[in-house]
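A quick write-up on the structure given underneath.
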Amino acid sequence: MTTTDPDTEVGRDLLRFPPDFLWGAATASFQIEGATGVDGRGPSIWDTFATRPGAVLGGDTGEPACDHYHRYASDVELMAELGLGAYRFSVAWPRIQPLGAGPVEPRGLAFYDRLVDEVLGRGIQPVATLYHWDLPQALEDRGGWRDRDTAHRFAEYAALVHERLGDRVTTWTTLNEPWCSAFLGYANGVHAPGVVDPKASLEAAHHLLLGHGLATRALRAQAPADHRFSIVLNFCAVVAEDDEASREAARKVDGLQNRLFLDPLAGRGYPADVVEDTAWLGDWTAVVRDGDLDAIATPIDWMGVNYYSPTRVAAAADPLVVTGGPFPGLRGVEFLPPRGEVTGMGWEVDATGLTGLLRRLQRDVGVPLVVTENGSAFPDVVEDGRVEDEARTRYLVDHLRAAHAAIAAGVDLRGYFAWSLLDNFEWAEGYSQRFGIVHVDYDTQVRTVKRSGRTLARVIGANAVPVDGYDLG
Ligand code: IFM
């Protein structure tokens, strides 16, 4: 359709999104809040991990991050300026229960109360994630996600946050990217808590999924019928070299990255091929008890899809050679270098991977989808108070076109959240990688909306993205 809409000034061929499409940006507590020792917050595994020499680039920690704990009101004002319809944030468990169980810290709950009121006051829909990796250290001291009890503690914590915020927040996510919590945290230990124990990481994956299921059940039992529950997974679009052995390698990676999580959530149990591939580590499925798979398959209302990049694989010369890295028990796979443009993280840029992934999930999942994270890190330069982040802007617009293509192909995609609203603490990379559509000067805490942010605002205003070109901002 061609239009010269004076309101949007886009004036070219447009790809229009459905009228009620949800436009947002996402963040996570530990990555932006700072104020780690304030108002009774307990230590999280990331506070501990960041003090381990060499664990986080540059020795960076959760301080100051974006000092969002104190600056949330002006950050919400920024969201309103960008025209966001929704804000996806996470609640820090150690602010609510400093020891991960038992006593509740009222000042922690009060912070999220104020945040939610501010967000709603600006006409923005809050989308709350209950766990984005900041496990209370006290629980890790008892085994963390390797310990089944953590799943029960998570369900209790989830219920009490929902009890407090559920009169205003209706859209909920239990876990963000359990693959990362389990495998980066416990298989190769590049994330907190920094444990290297591949078999235990599979047990942790089960306990995370169990925690999701128990929490979803508990929330459903206490929530009004219009509340919407979900889990957010990070998927990789696996691209294999064109030969049989490489397709077999892709099956293994897809199994450990995607199907290990998708299948039990969809009621299909753990995929037999993944159980078989990992059996040489020892029988991790021994931790699965009667009733666990039913709990994990508690129906959800939507699924969050985090997509950044494709993963290229080929067969290794020796099918039994241990691949290493975060995939527990993976053998016989070679990860190939990215092709074409890469981001600051070294991740290949391929928007078509998003379309393919969404189409596949439409078949495999059976609930509406939301892109809950998508974005790119590039080094930014602030010049005359402006950040002209051309590469990030292209990434954004191309991925929006890819999301639109999925909708056009029949995918029930309900929303798109940019990762991230603000530059922030990028985990093991510290503050070295900037994903924000808003630049943060960590010394002065000055925020500057980047060209990508201005572009997203224009797209939201038009509820459409141009068929070609990037010159919107
Ligand atoms: O910053 C992270 C986020 O916390 C989880 N998803 C991926 C992002 C970029 O690495």
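Quick reminder: no glycine exception, Cβ is built from N, Cα and C everywhere.
Curation plays no part in TrEMBL annotations; they are all automatic predictions.
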Residue from His70, His132 that TrEMBL also lists as binding substrate with Gln31, Asn176, Tyr308, Trp419, Glu426, Trp427: His132
Cα-Cα distance, maximum over Gln31, His132, Asn176, Tyr308, Trp419, Glu426, Trp427, record's substrate binders, Å: 18
What are the non-local neighbours of Glu177 (active site, proton donor), defined as same-chain residues 6+ apart in sequence with CB under 8 A from its CB? His132, Trp133, Val232, Leu233, Asn234, Asn306
Return the member of Gln31, Asn176, Tyr308, Trp427 nearest to Glu373 (active site, nucleophile) in space, with distance defined Cα to Cα and candidates limited to these binding-site residues. Tyr308
For the recorded substrate site, enumerate neighbouring residues of the same chain (Cβ within 8 Å of the Cβ centroid of Gln31, His132, Asn176, Tyr308, Trp419, Glu426, Trp427, site residues themselves excluded), in sequence order. Ala28, Trp133, Glu177, Glu373, Ser420, Asn424, Phe435
